[in-house]
Structure formats: structure tokens, C-alpha cells
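What follows is a set of notes on a single structure, which appears directly below.
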């Protein structure tokens, strides 16, 4: 199970409940195995189950957000400066994110750089989702 593949399956009304339960259990088992393989990672089963549930819930919310954006944003594209994005889409330090991405390519950017946004619903809601998600 990769990416938001699980989130997509768990939020898809066309997928049977039995398949959803099976895929979710596979993801839980996969996560438990990976965490148990980490050296020095010691946590009781109750906390581990709570963390895995929170992760799966986040993945479902993220998949729903992507689906909502794909359904609603076909005609809503616009260009923003990074500074305008920060004002419009709060809770995320956009300059830091884009700065780190472009720094990898050795390109310096400022808050006046223009960003083409063809998914405003996603950007509007991702900051809220991240803010509301326990760390």
C-alpha cells in the first residue's frame, strides 16, 4: 500500500467495506512491522495503535481533500506571489517551503515570486488540516 492509495480506497464509496477493512489492516500490519524494526523505538501497543489510527485518519482526510480539489478546481487557477499565498492560505510558511525546494536547485527566491496555483481548494484547506492534526 503506497502513498495515499489507502486514503483513496478508504474514502471511495465504490469500494466494498470488506476490501476497505482488509487494506486498512494490511497498512496497520505494515506500519507495525516497520516501527518494530526501528532500533531504539520502544512504545506500548496501545500508543502504537493510537498513532497508527491517527496516521490513517490523516491519510483519509488528505485523500478526501485531494479529491475535493480535483472535483472543484478545474476553472479556478490563478497566479499569486508567495506573499499573497501566505495571506490567502494561512498556517503554512510558504516562503520556507518553496525556498527549500528551489534551494535544492540552487535558485534563490523571495516572497515576490509568482506561483501558479491550479488547486486553490487544496491550498485553502491543507493549512487547516495540518494545524488540526496532532504532531
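Along the chain as shown, residues are numbered 1 onward.
From the backbone N, Cα and C atoms, a Cβ is placed for every residue, glycine too.
Annotations in TrEMBL come from automatic prediction, not curation.
These numbers come from a predicted model, not from an experiment.
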**Message:** Quick test of your reading of TrEMBL: among 14-41, 42-69, where does it put coiled coil?
**Reply:** 14-41
**Prompt:** Under the DSSP assignment, what numbers of helix, strand and coil residues are found in the domain 'Peptidase M13 N-terminal' (21-135)?
**Reply:** 76 helix, 8 strand, 31 coil
